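Working notes, beginning with the structure itself.
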Amino acid sequence: MDFLEEPFPDVATYEDFHTIDWLREKSRDTDRHRKITSKSKESIWDLTKSLLDAWSGWVVMLLIGLLSGTLAGVIDLAVDWMTDLKEGVCLSAFWYSHEQCCWTSNETTFDDRDKCPQWQKWAELMTGHSEGAGAYVLNYLLYVLWALSFSFLAVSLVRVFAPYACGSGIPEIKTILSGFIIRGYLGKWTLLIKTVTLVLAVSSGLSLGKEGPLVHVACCCGNLFCSLFSKYSKNEGKRREVLSAAAAAGVLFSLEEVSYYFPLKTLWRSFFAALVAAFTLRSINPFGNSRLVLFYVEYHTPWYMAELVPFILLGVFGGLWGTLFIRANIAWCRRRKTTQLGKYPVLEVIAVTAITAVLAYPNPYTRRSTSELISELFNDCGALESSQLCDYINNPNMSRPVDDIPDRPAGPGVYNALWQLVLALVFKIVITIFTFGMKIPSGLFIPSMAVGAIAGRIVGIAVEQMAYHHHDWIIFKNWCRPGADCVTPGLYAMVGAAACLGGVTRMTVSLVVIMFELTGGLEYIVPLMAAAVTSKWVADAFGKEGIYESHIQLNGYPYLDVRDEFTHRTLAADVMRPRRNDPPLAVLTQDATTVEDVEMLIKDTDYNGFPVVVSRDSERLIGFVQRRDLTLAIKNARQKQDGVVSSSVVYFTEDVPQLPASTPQPLKLRRILNLSPFTVTDHTPMETVVDIFRKLGLRQCLVTRSGRLLGIITKKDVLRHMAQMMNQDPESIMFN
């Protein structure tokens, strides 16, 4: 009789804040697959079912791609509209953003393409005056008020409906993919609230991006569709394959940054999901340029070897900024956790928004949305650019093709823009430290890129002016003739953005790919690679953890990082429990425990499972039984099998001996016993044990000596031991 057929409603597969058993999930899936394959030969219906089962993975990926692509497009469009709403409104159709409003206008001139009668700033709409101090103050005030109302709405929604929707979500997604259960983190409410509040948070003008939270949104979509297929909803290991692929479809860097377990078929599936998401995004066309990338750039000049020096210097800057940001942000977040500050999340968001809006408005580079700022910094100055950054002094008798404008001396507009950019750089560096980690959805990609792009553009203009004024210097002589177009400041901005992003997240490979994704520039692969690698080296010199690993550590999530080295010379015997003065290990015997004993053991302890031994004297190990399976089997047996009472003996052996007629009916539980639990000897180096836990995703492992059970090591013990070895507080690891 199978006592595990129907689970009881109050016993979940895994408890909240527990780790899954990868090996068990894998073997369960293999059994399920074998069953389906063997049945498929029996009838056409069974064959159809097996085909549907084989295709379900691709169907899930198709649905994830469609939904996450749609959500990404809608978020982009909504952010554009709401960001512009802080400054004014479109009279012909209030749902148009500034750009869309002036597209439809017939009265727009090329020089003043941002000005059209249909788009009015708030002051002009209310008082009829668009110029003057009064109009400026009114616009300023309304800008701040809109920003405050957006952020207040965002933090209130998160607080009331979905507390898990705050932050970037990447540290938690990494932990979940490594096999940890956080119930509700990928739920329907979280998906809905995260999508809405992400739009509000980005539109409020706070220094945060939407790329990180989009990974969380994609994983929520994955989890939503997993529940439609029993293959995924009943197997936590298979579910994580889908979530890995969904994260990769959301943003490519899942491979390097997020994933813990990424088999080859997951790679194909994420490729497919990304394809569908890209197709959906292209259909929505949120950027209005029929391209999928946010910052489309085309540079017309090649780069030269001598320019590698400033590129590498930008890499050094990126690494230093990454280190500064991680240390300062973690210190601030720790302060938020340990002091009164953490009790007033709404107040904190309001205060930071107010400071951001008040300081951002006077500077045109911080007033606009961060994506627009980066876009302008990446741009090459063509003949038609109206930006301040392109205010160069033109040579009157210049007659050349428009694309190839020679280097020119900087005009007053460029110098004006430069000091505004320096102020913007200082502002962004400081404010991002306090913004990331508040109780609203906040990504880190765009702010990090903004810091790098500003620094890069400043360096680019400096190099360009040096090359123009000192073209006879030995470094410029070989490649920069007078009247040639040698230096592209926009390229420096792109390299700086890559360097800063690399310094904060410590990605290299996927970072360079992301920069192509965002910009579509292939010729500049070497500068990007040089900057990304330099920034990683510089940042690694100060500390190995990226921002996401640091947040995992700060929150005490049970995450075994694949990249961590364990170099201490401890043995399994030093880490296993029970320790010297602890009570003995809770075990079951194969043929001498009654149902009542088992129930008492389950009631008095909270362990996830129990080793089964031959007898208490010999302590020879036979297997391991999961707490959940025991609970289910006893509950079911008491209901369905006659004669099972509290004094019935539980047998884990092959055969039950002949019992006198007067004894109660025995309970055979051999079926739920895992006869091949993972064991190590007490002399196994901890280095090996950590590796086994990491690579096999174990939940626990038993320690034996010549077949005798000595103790048990759980994932929690491993993490605590690693924390102890690094002189950290071992109690900071948050399991249950």
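Note that Cβ sites are derived from N, Cα and C of the backbone, with glycine treated the same way.
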Which range of 264-283, 444-463 is transmembrane segment in TrEMBL? It is 444-463
Recorded stretch that, among 55-79, 136-155, 344-361, 417-437, has the most CB pairs under 8 Å to the transmembrane segment (308-332): 417-437
With Cβ-Cβ distances below 8 Å as the criterion, list the same-chain residues six or more beyond the ends of the transmembrane segment (55-79) that contact it, or say none. 195, 198-199, 202-203, 210, 214, 217-218, 221-222, 224-226, 228-229, 231-232, 241-242, 245-246, 249-250, 265, 269-270, 272-281, 283-287, 369
Averaged pLDDT score, the domain 'CBS' (576-640): 90
